[in-house]
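Step one of this worksheet: look at the structure below.
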Amino acid sequence: MISPNHPVSGQRKIGILLAVLGTVLFSFKSIVIKLAYQYEIDAYQVIALRMLFSAPIYLIILAFLCWRKPIPLQTLNTNKWTILASGVLGYYLASLLDLKGLELISAQLERLILYTYPGFVMLFSWLVWRTMPGKNTIFALIATWLGIFTVLGVEIQNNMLDVLWGGTLVLISAAAFGGYLILSKSGIAKLGSQQFTCFAMLVASICVGGHLSLIGDVTISGLPWPVYGHVLILALVCTVIPSLLIAAAISRIGPQQTSILGGLGPIMTALSAVYLLQEPFGLAHLLGTGLVMLGVYLVATEKKVT
């Protein structure tokens, strides 16, 4: 006899699998960017190519989703500012700052700093909704920052100014992404996670195009062929596919469980960075990664106190 809970259990297993796969693909992002940087290109060229490759795919996906389930114009109009703000903050500003930071710091340190975003989510939740954080959050913030400073203390010995500036850019990127998660909450509820993600990514693509047109000297033609290969992988394998996988995972197991499974990210990035980029990995990196993962877990399992 089939248990009544069998379908739910099956959906949960699928959700866990989707979250793990999405996290693994996302974790390769900084590795692929670092491989592209070896050909002496900059963050503006990478983000231009990334949006050039990914925007048409998001447009096709959005068209299909809207054809299958049309969005009322009134709903779209009501949420237009949320879509615009989320696209600018979460996928334009956060992405650009992250790419600029990766020019200066290691992939491992970048991934650790990015994982401060759950702390920013809790902070912004308190500021916006007066949702009081519990004791887990305090311990999580302490653990996360101890982990970052542990790795920072090792890397800062090479080039202090570059590491500090690059780390600051990535930290602001994490804060921007945390703000995006707060802003996007209402939009996702009204439009659906996949549709909202596609809209936000298309807004970000327009912002990138406008930014690069103002700069005026960004060249994306005539680059070494491996650059196009790396950025194509970045756009498809490390952006489009995982963003949809994570959205599907959230719909099945919720944001908390998805965040916990996201703690696999720093481990995957560290292993890949050591193997593919020959980045050092010592006791300080191991301890720092463990502390940041502990912080992510504590925030993700925090119970709201009002």
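Please read every residue number as a count from 1 along the shown chain.
Backbone N, Cα and C define each Cβ position, glycine as well.
TrEMBL has this to say about the protein:
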type	residues	note
TRANSMEM	14-37	transmembrane segment
DOMAIN	14-152	domain 'EamA'
TRANSMEM	43-67	transmembrane segment
TRANSMEM	79-97	transmembrane segment
TRANSMEM	112-129	transmembrane segment
TRANSMEM	138-157	transmembrane segment
TRANSMEM	163-183	transmembrane segment
DOMAIN	165-300	domain 'EamA'
TRANSMEM	195-215	transmembrane segment
TRANSMEM	227-248	transmembrane segment
TRANSMEM	260-277	transmembrane segment
TRANSMEM	283-300	transmembrane segment
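Cβ atoms under 8 Å from those of the transmembrane segment (195-215) belong to residues 44, 47-48, 51, 54-55, 58-59, 61-62, 65-66, 71, 83-84, 86-88, 90-92, 95-96, 180, 184, 187-188, 243-244, 247 of the same chain, restricted to positions at least 6 beyond its ends. For the domain 'EamA' (14-152), the DSSP-based tally of helix, strand and coil residues reads 117 helix, 1 strand, 21 coil. Summarised as a single figure, the pLDDT of the domain 'EamA' (165-300) averages 86.
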